[in-house]
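Residues annotated as ATP binding site in Swiss-Prot, with sequence analysis given as evidence: Thr14, Thr15, Ser16, Thr268, Gly311, Gln315, Gly412. What Swiss-Prot records for Thr14, Arg84, Glu85, Tyr136, Asp246 is sn-glycerol 3-phosphate binding site, and it gives sequence analysis as the kind of evidence. According to Swiss-Prot, the ADP binding site annotation covers Thr14, Arg18, Thr268, Gly311, Gly412, Asn416, on the basis of sequence analysis. Annotated phosphohistidine per Swiss-Prot: His232, in sequence order, evidence recorded as sequence analysis.
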Amino acid sequence: MSQEKYIMAIDQGTTSSRAIIFNQKGEKVSSSQKEFPQIFPHAGWVEHNANQIWNSVQSVIAGAFIESSIKPSQIEAIGITNQRETTVVWDKKTGVPIYNAIVWQSRQTAPIAEQLKEDGHTKMIHEKTGLVIDAYFSATKIRWILDHVPGAQERAEKGELLFGTIDTWLVWKLTDGAVHVTDYSNAARTMLYNIKDLTWDDEILELLNIPKDMLPEVKSNSEIYGKTAAFHFYGGEVPISGMAGDQQAALFGQLAFEPGMVKNTYGTGSFIIMNTGDEMQLSSNNLLTTIGYGIGGKVHYALEGSIFIAGSAIQWLRDGLKMIETSPESEQFALASTSDDEVYVVPAFTGLGAPYWDSNARGSVFGLTRGTSKEDFVKATLQSIAYQVRDVIDTMQVDSGIDIQQLRVDGGAAMNNMLMQFQADILGIDIARAKNLETTALGAAFLAGLAVGYWEDMDALKELNATGQLFKASMNESRKEKLYKGWKRAVKATQVFTQEEDADDDAK
């Protein structure tokens, strides 16, 4: 009797690594998770030890096998999904990183980004990469490492150093240094990749003095990149055949294969990605243009809007204000509110993300009266998440010219039924919650399985992650627009408040 076969997804995140084993129905059979240390050398700096990431991945691979009694020989293929933009530079011969991994959130390279803007490169970089110039992306992180590690620039020019985002690092380690590759979605977040020509951009590389030899080969999101070295996969030589950055993997896991399909992951922040098809559309409203995925020689582009504060606003109610004891309680409190939704919370704790990109804005509250209750405040905080999502969705519709009919949702806060119903109401469209909320890992598994024939084609996947619950808009148009106008006024007032402060500082 032949053994049943499975797909393993390695989900390497910002604070932890996970390995999840899926069966042919797309069901989770086993999983293992391990956190690893965050390193904060200075205020605003965030780093990881790349070897600790690798150790955590080895640990969770073992954990997933132990929990399920599945053997390495039963794994048909491996898919990898990862925290995007985080940058590792290592010695080609020894495989030892020359510096910590600089994490996507880290602001230590902001002066390099500011210099690029001052030197007038914003338009050129936006047109080629689809991105805004920011320390968020990998390019400035590579430049920082080459500047700050003695002899690094010279070694890079001699071909002695390699660069990779976390997907690249893990494939390099799993194959014991045999394969140095990345995929379209991760390359598109480096600020070095020309997403129109699908090549590393020589002009940007020259501008930043980054040797091209350091960079990995860019591959599609679904093909066999190499096989695991047996001693790194508990005796198994298994194809690694799917890769995508976490948000793009979620787009694929949500089966958003057609232009105009949109997914939103409600995590700590909120990441909204729209499939725009095979045409690259540059945003004129501060959204990012990126690559959603590329399979079989065809690339699907995407528009992305990032909201800084979503689920973390609920954590603030719990840990900061002590208004609730657990995050799920926020739903009960909000449903108990009897207010007419006149309170607005603008959770700009670290500034405002898309489409405002106002890093100076700070959190504010409007519309309080003597009768405002704790329940009203909790409801207003939940509603702020939905209002921010509408800001991005409206912008996406303008940029793309596509009329969005449905929003596919996943992530922790998507379990809040009150929030999902209000989201449907304020957008005036259906909200489809994924039945399987493991959409990021599932997307990586789908990409890997397609490449080895575990699933026949993309049509076969459509049966596997059916919609869980559908939330339909039920609010009348005039009330919906009245509430949203109030939100826009609150955001404007928030921005004016910090602008006035800046003006006062300048006057001094």
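Placed from the backbone N, Cα and C atoms, the Cβ positions cover glycine too.
Known features from Swiss-Prot, placed on the structure.
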{"residue": "Thr15", "record": "ATP binding site", "Cβ neighbours (10 Å)": "11"}
{"residue": "Ser16", "record": "ATP binding site", "Cβ neighbours (10 Å)": "13"}
{"residue": "Arg84", "record": "sn-glycerol 3-phosphate binding site", "Cβ neighbours (10 Å)": "26"}
{"residue": "Glu85", "record": "sn-glycerol 3-phosphate binding site", "Cβ neighbours (10 Å)": "24"}
{"residue": "Tyr136", "record": "sn-glycerol 3-phosphate binding site", "Cβ neighbours (10 Å)": "22"}
{"residue": "Asp246", "record": "sn-glycerol 3-phosphate binding site", "Cβ neighbours (10 Å)": "26"}
{"residue": "Thr268", "record": "ATP binding site", "Cβ neighbours (10 Å)": "19"}
{"residue": "Gly311", "record": "ATP binding site", "Cβ neighbours (10 Å)": "20"}
{"residue": "Gln315", "record": "ATP binding site", "Cβ neighbours (10 Å)": "14"}
{"residue": "Gly412", "record": "ATP binding site", "Cβ neighbours (10 Å)": "16"}
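Site extent for sn-glycerol 3-phosphate: among the recorded binding residues Thr14, Arg84, Glu85, Tyr136, Asp246, the largest C-alpha separation is 15 Å. If you take the C-beta of Thr14 (ATP binding site) and look for same-chain residues 6 or more apart in sequence within under 8 angstroms, you find Gln83, Thr86, Val103, Trp104, Gln105. Once Cβ contacts within 10 Å are tallied over all protein chains shown, the recorded positions Arg18, His232 are led by Arg18. Counting only residues at least six positions away in the same chain, the Cβ atoms of Pro328, Ser330, Glu331, Leu382 sit under 8 Å from the Cβ of Asn416 (ADP binding site). Asp246 (sn-glycerol 3-phosphate binding site) and His232 (phosphohistidine) have their C-alpha atoms 23 Å apart, to the nearest angstrom. DSSP assigns Gln315 (ATP binding site) to a helix in the three-state reduction. In the three-state DSSP scheme, Ser16 (ATP binding site) falls into the strand class. If you measure from the Cα atom of Thr268 (ATP binding site) to that of Tyr136 (sn-glycerol 3-phosphate binding site), you get 17 Å.
The residue listed as 'phosphohistidine' has Ser16 as its nearest neighbour among the binding-site residues Ser16, Gln315, Gly412, going by CA to CA distance. Across the structure, Arg18 (ADP binding site) and Glu85 (sn-glycerol 3-phosphate binding site) place their CA atoms 19 angstrom apart. Closest to Gly412 (ATP binding site) in space, going by CA atoms and restricting to the binding-site residues Arg84, Glu85, Tyr136, is Arg84.
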